[in-house]
Amino acid sequence: MASMVSILLRCSLLVLLLVQSTHSSVTPKAKNAIAEEHKPALPSSSNTYIVLTNHLAKPSKFDTLEHWYASMVGKNSSRIQYTYGTVMHGFAARLTDGEAQRMATVPGVSRVYKDRLYHTQTTRSPWFMGLHDDFGAWPDAEFGDGVIIGFVDTGIWPERASFSDTGLGPVRSTWRGKCVDAPGFNASLCNNKLVGAKSFTDSSPRDIDGHGTHVASTAAGSEVPSADLFKFAGGRASGVARMARIAMYKACIRGGCSLSAITAAVDAAVSDGVDLISMSIGGPVEAFYDDLVTVATFGAERRGVFVVMSGGNYGPNASSITNVAPWMTTVGAATTDRVFPATLRLGNGVVLTGQSLYNIPFSQGAGTIPLVSSDCGKYGDLTPDKFMGKVVVCSKGVGAWAGFDVERAGGAGMISADSRTRFGDAVKAQPFNLPGLQLSSTGVKKLADYMSSVAYPVASFNFTCNTVTGENRAPMVAGFSSRGPNPIVPEILKPDVIAPGVNILAAWSGAASPSGSNMDPRRVEYNILSGTSMACPHVAGVAALIKKRHGDWTPAMIRSALMTTAGPLDKNGRDIVDSGSAVGAAVMGATPLAAGAGFVLPRLAMDPGLVYDAGTQDYVDFLCTLNYTVEQMRMFVPELSKCARTIPGGVANLNYPSFVVVFDGRTRVRTLTRTVTLVSTRPESYNVTVAAPDGVKVTVTPATLEFRWPKEKRSYSVQFSSEAGAKVRPAGTWDFGHIAWENRKHRVRSPVAFKWDN
């Protein structure tokens, strides 16, 4: 219970806002909106229309897509309100009905839609990835109906509305899984949405922690008309594949996940007949034959089960990426265009903006409170004699759970410092129990400079409790998202892709508090979490959509579709930014070591044109190329008597949708080969385009690929040359480019990473 001093202090500060902030999300924004400060005069009979385009059909006479869009609207181009350049291509403009009808006939325009109000969706991330109810990946894949995703996690809270089976038919007859009765979990709680629930811990499949419920509803939760956390992020909730089915394999408890439980869960999931496995877990990176999760997932791949895993939350440190085997799809975390701003005014007048889920609107006005620092993690450090009536600046980046210790010590508020994330729009929002916010490393530095410059630092809070959408730069790679290079096999680029993983709203356990503190009495149906754990199920959901549309595709083909169509640009058509960039350094674009191939775009991934396929034998050859012994190889292939072959040219020649080129003192030329398979239904021709850093020459042979029938394969080789006379790069330097195969309908893009080991 809060101390009386703390209660009185808080009440003395609360001043309810009479005028709602201009950043409020109560008035819904247009989809993918980029707010403009000045709006031109509009025709009285006009409405907002969204014009979707095939960006590959842009006439060559226009330098940019924006110029093309302006030509469509003509002299009234000032009526263009927003442009779309990442999750989809096109623009929104005020048009009369007649203008809209004529716009639909313009070559290159896919379709014209009259705007309508959408409520925010997990409540936001599926839409931000480009998913729409009436066109694109969702209806094309029947929302993933019938595909079964197995989750290895902390269990599930089956009573949540996200697991309703309304509108779903029975599970397929070949499904072998079931729900298992256990104390506190009745198998009758399962239905045509939750089709399997087993526990591999000492407890029942019921989720006491909340994590498993959150990730399952993110990937495949049913549509829920209204969901929020303390009125934040309110709107229609939906899993990415909302008609897919869920099978939960509980292998984790709050203390962690044992390897034995994980491998048992994977084994059971494959045996039951899941189509995909989603695992938002990670551990120490070890040689593949020493990592039982890697071995277990290899077995899943042999059975045709797609495995997607989180990349870890240890960024921005280099080589912090986990789950790095080539038969896994490894996911990093990115932001969406939704933030929960709160501000801190310092005694020197500087205003710092952070994020907060503290849900009592108030402004302290001219009133200020003393600031004091603490690591907020040391037992017994938070005592009333030090912190009564003060705002505690927690230097260790602790979560909202520490707020209960601060409150018990009589603290008036807290500030959590995120040293890994540069931009405030990318920090984790926390459900503080007392006035509190989280600052980025940029804000933390300004706060620290102020506190060190005065004897008695003070500050005041302002909370509007608003959800703001469409106004921030997004996506950005989260600072905490783990980075490459791959610590086991640098020649395999990881992560593979990034997906929404910051401030994601999804279903929550009825047994867990939103903050994670045992002192927190609050219980919620939905919670907002951040981590690559949240990014992973987004990709699992997209993979389920692809699986529904292309049931005969191998896991490698699904991964290829995700990677080669991923977007390297943000919603404004600029390079995706790395929020783990150092404070004071230039704003850095996210390299493939942070973002992989880019941000997952479901609509494009459904129809990639070409794919890079690989199967069990390819991975066996890959492991043999690592010079594993027969005994080590038998961890993966028990029947193996010897390695029959290795990959010519080394592991970098695995038929992977990305490239890593290592130049060392022995050679300045590397040649890699790849094979692509046509997955379109008609003959197609592709031409290659290349981007390479200065001093590197790239030659692709052949430069054109002709395909005459579906599933036809074509191979090509790429010679990478570090040119003599080029600038000298220190050992360990990385640089980047890409190779893309293009025609008017498809663009099949692969990132290329170059390393100098001279």
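Cβ coordinates come from backbone N, Cα and C, glycine included.
TrEMBL labels come from automatic prediction, so no person has curated them.
As given in TrEMBL:
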SIGNAL    1-24  signal peptide
DOMAIN    48-121  domain 'Inhibitor I9'
DOMAIN    144-575  domain 'Peptidase S8/S53'
ACT_SITE  D153  active site, charge relay system
ACT_SITE  H211  active site, charge relay system
ACT_SITE  S533  active site, charge relay system
DOMAIN    653-753  domain 'Subtilisin-like protease fibronectin type-III'
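H211 (active site, charge relay system) counts 25 other C-beta atoms within 10 Å of its own C-beta, drawing on all protein chains shown. On the backbone, the CA of D153 (active site, charge relay system) and the CA of H211 (active site, charge relay system) stand 7 Å apart.
Rounded to a whole number, the distance between the Cα atoms of H211 (active site, charge relay system) and S533 (active site, charge relay system) is 9 Å. Summed and averaged per residue, pLDDT over the domain 'Inhibitor I9' (48-121) gives 71. Every protein chain considered, the tally of other Cβ atoms within 10 Å of the Cβ of D153 (active site, charge relay system) stands at 27.
According to DSSP, the secondary structure content of the domain 'Subtilisin-like protease fibronectin type-III' (653-753) in residues is 1 helix, 62 strand, 38 coil.
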